[in-house]
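Noted in Swiss-Prot for the protein shown:
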type: SIGNAL; residues: 1-24; note: signal peptide
type: TOPO_DOM; residues: 25-89; note: topological domain 'Extracellular'
type: CARBOHYD; residues: N49; note: N-linked glycosylation site
type: CARBOHYD; residues: N67; note: N-linked glycosylation site
type: TRANSMEM; residues: 90-110; note: transmembrane segment
type: TOPO_DOM; residues: 111-124; note: topological domain 'Cytoplasmic'
type: TRANSMEM; residues: 125-145; note: transmembrane segment
type: TOPO_DOM; residues: 146-170; note: topological domain 'Extracellular'
type: CARBOHYD; residues: N148; note: N-linked glycosylation site
type: TRANSMEM; residues: 171-191; note: transmembrane segment
type: TOPO_DOM; residues: 192-209; note: topological domain 'Cytoplasmic'
type: TRANSMEM; residues: 210-230; note: transmembrane segment
type: TOPO_DOM; residues: 231-250; note: topological domain 'Extracellular'
type: TRANSMEM; residues: 251-271; note: transmembrane segment
type: TOPO_DOM; residues: 272-296; note: topological domain 'Cytoplasmic'
type: TRANSMEM; residues: 297-317; note: transmembrane segment
type: TOPO_DOM; residues: 318-352; note: topological domain 'Extracellular'
type: TRANSMEM; residues: 353-373; note: transmembrane segment
type: TOPO_DOM; residues: 374-453; note: topological domain 'Cytoplasmic'
Amino acid sequence: MIYILKNFIIILFFLLIILKRIESQSLPSLPSPTIYKSSQCRGDLVYRNVSNRMEDEKIGFTFVQYNGTYQSCVIPCPSPFFTLDEWNKFLYMSLVMGTISFLCGLFLLITYSPIVNKTHNRHTIGVMCMSFGVCLAMCSDMWNFGSNFTDQKSICPSPGQYLTTSNSRCLGSGIVLQFGGVFGFLNWTLLSFDLFMNIKGIITKNYDKYYFVATFIIAIIFTFVPIVNDQYSMSYIGLGCWLGSAVYQLIFFWILLSICLIVSSVFIILILKEIYIIIKQSKQKTSLKGNIRPLLCITVTSFAFFYMFFYYISIVIEGDYYERILNEYTDCLMDPTKDVSECKFPRMSVANEFVFLLCLRLLGIGAFIFYGINKEVKKIWLNSFWFNNSFVGKYIGSKRSMGNDITNSYASKAYSKNYNNNNSINSYNSGLELSIIDMSCNKDDNFKPIIIK
């Protein structure tokens with residue numbers, strides 16, 4: 001198992017190097033856009049000579065049509081669906097929540113890695129893979145640190161230009177977001193599946209290395225196939241680069257996400273049902289409290305990602321409507337007989353978009369609540385080198401000399417009480433002090449399954 005963990009870390013290390021090289025590779029430099037003020041492009045439209053339209057569209061410009069003819073004006077970046085102030089609020093929220101989610105994933109990754117964790121169980125690699133996926137996905141937000149939509153640090157390469165696959169930064173961040181999301185969701189689902197099968201005694205053999213290989217291959221396929229058709233780009237309602245086509249988004253992300261979410265939720269509810277049956281038979285109602293948190297976590301996470309899915313579906317269904325009002329807006333601006341003030345901005349719901357972008361960044365926080373706040377994590381850190389070295393020993397010794405012996409004694413007794421029977425089946429059938437979270441983190445790979453007759 002240690003050998004597998006070492007190979008896993010080596011693979012992750014080289015993957016990071018590859019992604020970094022993609023982000024920094026010297027792709028053909030984009031021609032410097034020529035942006036001029038022009039009375040022809042009124043309102044927030046941006047002037048761009050239409051003579052080289054085909055090449056300009058490849059690098060992110062969208063030219064306006066008027067009376068069936070392409071004009072030397074392009075759609076502004078960011079899009080007029082939201083005001084600049086609203087765009088900046090979206091960006092700042094994504095930076096804050098993305099950073100929090102990244103730190104949550106990083107904490108889990110470090111906690112369950114050999115850096116801290118001296119022991120391992122059948123779910124250690126799965127938690128590490130899920131945490132690594134979260135960290136990668138949230139890196140796409142952290143790449144936007146210091147950026148905004150109002151000055152030379154704008155995410156848009158130039159006024160009226162959207163990021164496309166031809167931009168190395170766009171390609172790198174899109175790959176990181178897609179791979180991290182798919183890899184994280186797959187491992188979250190397999191963790192719940194394996195835990196339920198193990199508890200029921202259907203699967204007792206450890207298949208973690210096969211799970212890792214399968215999820216890694218699927219994530220690679222779902223990430224790199226879209227590159228063939230240059231699918232990574234910045235949309236009218238996005239803060240960065242991701243799959244540009246609605247068809248690709250549906251096939252390579254949303255369908256998979258929905259399946260993972262439904263399957264994982266079903267398995268975790270079934271696990272909670274098994275625990276409830278055991279608790280009911282043993283007449284220990286107090287142990288139900290230990291499972292309120294995972295149930296709440298599942299409820300909130302399910303709401304978040306189902307909201308994302310249905311919001312996405314609504315955008316796809318209403319795509320023709322948004323395209324029509326955008327065309328009406330640009331036609332109004334191009335019509336010399338109309339005043340600019342008469343042109344109605346094509347607005348979308350700020351609240352719906354804000355919640356959508358927020359939900360995207362809840363995966364790391366949900367994983368932290370589920371796998372990062374439990375007795376086993378506390379035990380891992382207390383047994384690690386970081387709490388068992390000469391420096392910490394001297395610090396604890398000095399604290400004891402200041403009169404904290406009673407406190408330390410109490411903590412020691414509490415710690416002993418919690419973990420004396422950690423490897424015993426009685427901790428499940430009699431004490432029932434462990435919740436679903438602690439069961440998934442328990443280090444005994446060979447405990448007997450709980451079978452309700």
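Heads up, residue numbers simply count up from 1 along the chain you see.
Cβ coordinates come from backbone N, Cα and C, glycine included.
Since the structure is predicted, the reported quantities are computational estimates derived from the model, not experimental observations.
Reported as a whole number, the C-alpha separation between N67 (N-linked glycosylation site) and N49 (N-linked glycosylation site) equals 18 Å. Ranking the glycosylation sites N49, N67, N148 by C-beta neighbours within 10 Å puts N148 at the top. Counting same-chain residues at least six beyond the ends of the transmembrane segment (210-230), those with a Cβ under 8 angstroms from any Cβ of the stretch are 4, 8, 11, 125-126, 129, 133, 164-166, 171, 175, 178-179, 182-183, 186-187, 190, 194, 243, 245, 248, 252-253, 256. Ranked by Cβ pairs under 8 Å to the transmembrane segment (251-271), the stretches 125-145, 171-191, 353-373 are led by 171-191. Between the transmembrane segment (125-145) and the transmembrane segment (297-317) there are fewer than 3 Cβ pairs closer than 8 Å, counting only pairs 6 or more residues apart in sequence, which means the two stretches are not in contact. Calculated from their C-alpha atoms, the gap between N49 (N-linked glycosylation site) and N148 (N-linked glycosylation site) amounts to 26 Å.
Residue counts of the topological domain 'Extracellular' (231-250) by helix, strand and coil are 5 helix, 6 strand, 9 coil (DSSP-based). N148 (N-linked glycosylation site) falls within a strand when secondary structure is assigned with DSSP. In the three-state DSSP classification, N49 (N-linked glycosylation site) falls within coil. With DSSP states grouped into helix (H, G, I), strand (E, B) and coil, the topological domain 'Cytoplasmic' (111-124) comes out at 3 helix, 0 strand, 11 coil.
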